[in-house]
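Take a look at the structure below.
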């Protein structure tokens, strides 16, 4: 029975190849951004990203508007997994849920150990996230050597991580609230809830309401990407592929993974290395983020899994070796997209962002490399 249950939960090869391709696209776009930021095109790169178009710059439209669609998709995936997927039963939620909490708490503690005072403390949440596109991309490179149950575990953990990141952004990175726009946000959410309760399954009214919801959220002082999650939670769900939730998820999946996330990587991963000193590379901000991702994430995930295994509450099957566990824990240290996003919120328009980005890039790359090396070992068949 347990074997059939595991088999039912294994993600399809099509899904994994889709995620892997998205991860490769994100890596490529980020690398191109780095090339532009350190070449003769640096001035043009910065100029185009900082052109004001309406109320926002080009970078602002990417980070505040397009990324709201990323959070809408993330919210839909979280809702689907909790209702019908890998997290639909408490027994399924326990292992990835506790591992995700451990993987958020320990990196935050390590970051604070390096940056325990002043403005730097605002970045405590930066190393707490896992980039599912990057992580699954690296996992796909290891091929059939990786037991399927680890792919399920990583996917479920990243979903819980996304949920934690959304809560952190809403609670800790919201500015001064404006009453009237905030009231408008509440009114639109109330209207959407009413539509949901009345059984309205046409997507159009939900998407139409999403536009003023985003605008009022932006004006209220709450980060506008939170509007995407709020909208996702009120989209009607269902078991079948024809449900509004599933239809919208399919509509958003390709443009978010292959257009929006690469654009985000291109616009935000570009760090100018001209004039970077050893002191900056070894600054508490850079070291704090890098160490938190590369050491804190795997320690937190492994520690949480070990506690559950020893207590008998949950755990991996016996054929999952320590090499597999450590390898998958290292992949959780690939923070990238969400870490960059939180860094921008924590240190808007400051010189500290470049030091943070160095830590994110170095910590994520080293975590991915360590995870890949460990998972490239001899294949283990699923049982």
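Using N, Cα and C of the backbone, Cβ positions are placed for all residues, glycine too.
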(message) Which range is it, out of 202-222, 223-243, that shows up in Swiss-Prot as transmembrane segment?
(response) 202-222
(message) Ranking 123-143, 202-222, 258-278 by the number of C-beta pairs under 8 Å to the transmembrane segment (152-172), which range is first?
(response) 123-143
(request) Can you tell me which of 258-278, 287-307, 326-346 gets the most C-beta pairs within less than 8 Å of the transmembrane segment (56-76)? (result) 258-278
(request) Verify whether three or more Cβ pairs under 8 angstroms connect the transmembrane segment (287-307) with the transmembrane segment (94-114), leaving out any pair fewer than 6 apart in sequence. (result) yes
(message) Using a Cβ cut-off under 8 Å, which residues of the same chain at least 6 positions beyond either end of the transmembrane segment (202-222) come close to it?
(response) 64-65, 68, 72, 170, 174-178, 181-182, 184-185, 188-189, 191-192, 195, 228, 230-231, 234-235, 244, 247-248
